[in-house]
Ligand SMILES: CC(=O)N[C@H]1[C@@H](OP(=O)(O)OP(=O)(O)OC[C@H]2O[C@@H](n3ccc(=O)[nH]c3=O)[C@H](O)[C@@H]2O)O[C@H](CO)[C@@H](O)[C@@H]1O
Ligand SMILES: C=C(OP(=O)(O)O)C(=O)O
């Protein structure tokens with residue numbers, strides 16, 4: 001059985017769409033629930049994504065009591081929790097590695113499968129390990145696993161990160177929350193998801209200051225308890241729908257698109273001529289008749305997010321002129337360029353640079369999602385392509401988007417999701433998609 005999204009281009013999108021809770025905030029927040037030795041945590045706005053189900057499986061595997069229904073996730077890690085995250089989870093989702101910090105802080109031991117590289121780059125974890133070692137852990141790697149151990153409690157330390165890694169900032173911040181003494185983390189990631197995690201840790205009784213700036217100070221506490229927390233809206237999902245509006249020359253209100261989280265994207269889209277009105281709890285996006293080109297360079301926050309690069313590339317194929325994309329965060333995040341070229345886009349890549357010349361007369365083609373954001377970007381390109389675009393490898397898309405095709409349909413797009421077996425095409429119902437995600 002192969003699932004595909006089929007798009008027929010040519011519709012201007014119109015209406016309103018609501019974004020879900022942020023995938024990249026909810027995964028570390030669920031991992032952080034392991035820090036609480038007493039009480040239960042209740043987390044709201046948890047999206048039904050494949051990655052959320054994987055994180056749920058990781059926590060169940062180590063005997064935390066979990067419940068997840070209707071966007072509400074509860075976690076009770078007050079009993080005795082395990083210390084292992086096996087390869088079957090880490091292979092599916094690298095963010096499984098985020099349980100290492102909380103496990104090590106609480107149990108003095110963590111045995112986690114070594115995350116490999118992935119389609120977008122080699123993605124080492126040296127900065128995570130450097131942080132744990134600075135706090136007194138002994139780290140050993142063997143048989144595809146990393147084992148980190150500490151006698152007694154982790155010790156607060158001053159740690160300078162060589163690169164502001166999002167995952168390393170989160171993992172070390174969680175470990176430091178239960179360490180003895182104060183940890184000062186320098187050159188850290190400043191993403192909104194880091195601030196969300198810090199707020200949750202503080203609600204659990206932690207003492208984290210400075211999240212959202214380049215230096216975070218964490219005063220370790222002896223114990224933490226479960227807390228209530230609501231996840232921030234997904235700025236990448238929001239940005240994806242903003243581009244859907246712009247690329248089709250449509251008019252869409254994106255509820256949950258917060259300007260303070262989306263400044264670099266808003267600035268670049270305005271440079272291209274897109275009209276963006278900042279409203280109370282979202283943004284109204286109006287696509288112009290003619291898009292201008294704009295160069296982008298991906299950078300850690302508040303720079304342009306790498307997770308919006310593929311979608312922005314789709315938009316640039318429709319701009320009148322040439323633009324340069326420089327990808328500085330991941331060394332191999334241009335796999336989608338090849339797929340766009342199959343749709344007749346004019347894109348040249350060399351190393352970390354892509355040169356996009358528009359406006360291309362895109363034509364429908366069979367294309368494959370090479371990673372999560374590439375999947376969304378190919379659907380966006382399909383919205384303006386002549387004829388039918390068929391996007392496969394949807395397991396990537398399901399990691400980060402809930403009901404993507406239904407949300408586009410509701411805005412007037414001609415898009416369906418089908419299941420194909422032996423040349424039989426069946427339309428996939430919403431619940432079937434969800435079930436297939438849950439069963440993973
Ligand atoms: C679940 C989650 O939140 N995922 C996001 C997170 O991934 P993730 O946390 O994996 O990304 P990082 O910020 O850690 O990675 C950024 C860069 O740092 C490098 N690096 C990272 C750690 C390390 O120990 N050593 C090292 O060299 C990576 O290879 C990469 O080149 O931030 C990325 C950058 O915004 C986003 O694209 C991902 O969507
Ligand atoms: C790269 C992404 O996620 P992850 O770090 O989970 O692979 C993403 O969300 O675009």
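Here the Cβ of each residue, glycine as well, is placed from N, Cα and C on the backbone.
Whatever TrEMBL says is automated annotation, not expert-curated.
Residues annotated as domain 'Enolpyruvate transferase' in TrEMBL: 7-408. According to TrEMBL, the feature phosphoenolpyruvate binding site maps to 23, 24. Residues annotated as UDP-N-acetyl-alpha-D-glucosamine binding site in TrEMBL: 94, 123, 124, 125, 126, 127, 307, 329. As annotated by TrEMBL, active site, proton donor applies to 118.
Feature map: annotations from TrEMBL on the structure.
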residue	record	Cβ neighbours (10 Å)
23	phosphoenolpyruvate binding site	26
24	phosphoenolpyruvate binding site	26
94	UDP-N-acetyl-alpha-D-glucosamine binding site	18
118	active site, proton donor	15
123	UDP-N-acetyl-alpha-D-glucosamine binding site	16
125	UDP-N-acetyl-alpha-D-glucosamine binding site	19
126	UDP-N-acetyl-alpha-D-glucosamine binding site	11
127	UDP-N-acetyl-alpha-D-glucosamine binding site	20
307	UDP-N-acetyl-alpha-D-glucosamine binding site	25
329	UDP-N-acetyl-alpha-D-glucosamine binding site	21
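A strand conformation is recorded for the residue listed as 'active site, proton donor' in the three-state DSSP classification. Among the binding-site residues 124, 125, 126, 127, 307, 329, residues whose Cβ is positioned under 6 Å from ligand 2 are identified as 307. Annotation note: residue 329 (UDP-N-acetyl-alpha-D-glucosamine binding site) sits in a coil segment as assigned by DSSP. Of all the binding-site residues given, namely 24, 94, 125, 126, 127, 307, those whose Cα is no farther than the 10 Å limit from the Cα of residue 118 (active site, proton donor) are 94. Non-local neighbourhood of residue 124 (UDP-N-acetyl-alpha-D-glucosamine binding site): empty, since no residue in the same chain at least six residues away has a C-beta under 8 Å from its C-beta. Site extent for UDP-N-acetyl-alpha-D-glucosamine: among the recorded binding residues 94, 123, 124, 125, 126, 127, 307, 329, the largest C-alpha separation is 22 Å. The separation of residue 24 (phosphoenolpyruvate binding site) from residue 329 (UDP-N-acetyl-alpha-D-glucosamine binding site), Cα to Cα, is 16 Å.
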